[in-house]
Amino acid sequence: MSGVGRDYPVHRGADRGSEPVAGDLSRHRLTVVSGPSGVGKSSVVGELRKLEPEIYFSVSVTTRAPRPGEVDGAHYHFVDRAEFDAMVDGGRLLEWAEFAGNRYGTPREPVEKALAEGRPAVLEIELQGARQVRAAMPEARLVMLMPPSWEELVGRLTGRGTENEAAVQARLAEAERELAAAGEFDHRVVNADVREAAEHLLNLITADQFSEEAEHHE
Ligand code: 5GP
């Protein structure tokens, strides 16, 4: 195994005792989780949510129609194109992108609020958005979730059954582009096992907080 095993410490929020540094957003790094469609981002981020409830998980706005079971305000804020564009024009999105024919964006205010309160914040977004975050907040930590293999990703995407053939093809084309950009990310985490990938992510987030505290108390 390459670093995704259990041989690293997993720290719980309640034990952390960190002091929020009001107004200094740079001390609380944003973590961006990207990765191709079908790699299991939602499952891994969902597992991370269970492991560490202190983390703020951004809820994106999207013009995509809800999938069966998706809840407005929980999985996404589902908006129409006019509402989305008004948010862009009003500077209310931290980043946004068009992906496979729909628009997706991160509401700015809740993320900034969480960071200002000293909570780590996590965005689950695609590559173009990750690049915008990097440009706007160079201190953000970028993590790419990788499939164990390309064949595995194709199997997961075609087996999901929530998209038609054209949409699956569009997502596979995007997936190829996203994986080609893996080198731009600070960390690459292979999702062979959801729990292990989530623990790996949590470890990256908490390890970083401890080093920031050490630096802060010098
Ligand atoms: P899906 O339609 O499968 O829910 O999401 C499609 C892609 O859009 C995924 O790669 C997902 O991570 C990404 N995505 C979700 N929310 C956002 C967002 O707010 N901004 C950006 N740039 N991408 C997002």
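Sequential numbering from 1, following the chain as shown.
Here the Cβ of each residue, glycine as well, is placed from N, Cα and C on the backbone.
Caution: TrEMBL annotation is automatic and unverified by curators.
Here is what TrEMBL records for this protein:
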BINDING   Gly35, Pro36, Ser37, Gly38, Val39, Gly40, Lys41, Ser42  ATP binding site
COMPBIAS  8-18  compositional bias 'Basic and acidic residues'
DOMAIN    28-206  domain 'Guanylate kinase-like'
REGION    1-27  region 'Disordered'
Just checking: which of the binding-site residues Gly35, Ser37, Gly38, Val39, Gly40, Ser42 have a C-beta under 6 Å from ligand 1?
Ser37
Pro36, Gly40: which of these binding-site residues has the highest Cβ count within 10 Å of its own Cβ?
Pro36
If I restrict to non-local contacts, at least six residues apart, and a C-beta distance under 8 angstroms, what lies near Lys41 (ATP binding site) in its own chain?
Val33, Ser34, Gly35, Glu124, Leu145
Would you list the other residues of this chain near ATP - those whose C-beta lies within 8 angstroms of the C-beta centroid of Gly35, Pro36, Ser37, Gly38, Val39, Gly40, Lys41, Ser42 - in sequence order?
Leu145, Pro147, Leu153, Arg156, Asn191
Going by a 10 angstroms cut-off between Cβ atoms, which of the binding-site residues Gly35, Gly38 has the sparsest surroundings?
Gly38
At a 10 A cut-off on CB-CB distances, which of the binding-site residues Ser37, Ser42 has the highest count?
Ser37
